[in-house]
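As structure tokens, the structure follows; a few thoughts come after it.
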């Protein structure tokens, strides 16, 4: 499926295949941070807060508007962005389940290794959880739209699939450069996560699936287990994960689970598994 997306792009040259798509990706990246404060200002609270109505509207506008812009600029169809109505709800549900299970596995391993203690959280609010769920489903889809759905096929068209995976994973990592509590291990893990999501999209060819997976990974980390999400604190959560002093390499410390060695190992294993699945499928189709 992914190869069809690459072949559907009829543009040529560095400017049309790289420069302009990167510019469109940058606009998509910045759009929520421009819209959310304006919506918040109208509501009397211009401060950005994850899961707020303003943050959800900002993401929603970007996810709805920018695919239309992308199709017009690159002269492609929405299906070339991995957006399809066929089994859409099923793809979202499966992606969500995979995201929750993957993050829960990481959290359990960190807990068993003594990296965190998990407590119930008195600040758990149902409305906050619902807002967070909507936000992160949109946020995951927004990021995957930029890096995997739009940029990656353009890079593949120009430089091939391997360079496309690496380049977009680097850009994905740079997109988190200003996140709080950034250190070497979180940077490495963000790059690994970029590769994992790229391979998931390459294998599935479905933006809704990988977007839901990404979003529910983040939601589970913040709103269920109460850890920081890529360094960002979450206002409410079902549980609270407290990092044990001296074991930050395991827990990820103030960056959240994504800053720990457990996430590194799980990410590398997933890369091996996904690469094997892709090679196997390519061999079968080539036979």
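Using N, Cα and C of the backbone, Cβ positions are placed for all residues, glycine too.
What you are looking at is a predicted structure, and each value in this text was computed from that prediction instead of being measured.
Quick look at what TrEMBL annotates:
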TRANSMEM  14-35  transmembrane segment
TRANSMEM  50-71  transmembrane segment
TRANSMEM  92-116  transmembrane segment
TRANSMEM  122-138  transmembrane segment
DOMAIN    129-219  domain 'CAAX prenyl protease 2/Lysostaphin resistance protein A-like'
TRANSMEM  159-178  transmembrane segment
TRANSMEM  184-204  transmembrane segment
TRANSMEM  216-239  transmembrane segment
TRANSMEM  259-278  transmembrane segment
What residues in the same chain, six or more past the boundaries of the transmembrane segment (184-204), come closer than 8 Å to it by Cβ-Cβ distance?
1-2, 82, 91, 144, 147-149, 152, 161, 164-166, 168-170, 172-173, 176, 210, 213-214, 230-231, 249, 252, 255, 258-261, 263-264, 267-268, 270-271, 274-275, 277-278, 281
Considering only Cβ pairs within less than 8 angstroms, which of the stretches 50-71, 159-178, 216-239 has the most against the transmembrane segment (122-138)?
216-239
State the non-local partners of the transmembrane segment (259-278) in its own chain: residues 6+ outside its ends, Cβ under 8 Å from one of its Cβ atoms.
102, 105-106, 109-110, 113, 115, 181, 183, 185-186, 188-189, 192-193, 195-196, 199-200, 202-203, 231, 248-253
Which residue counts does DSSP give the domain 'CAAX prenyl protease 2/Lysostaphin resistance protein A-like' (129-219) for helix, strand and coil?
79 helix, 0 strand, 12 coil
Which residues of the same chain, at least 6 past either end of the transmembrane segment (159-178), have a Cβ under 8 Å from a Cβ in it?
6, 22, 25, 29, 143, 146-148, 151-153, 187, 190-191, 193-195, 197-199, 202, 230
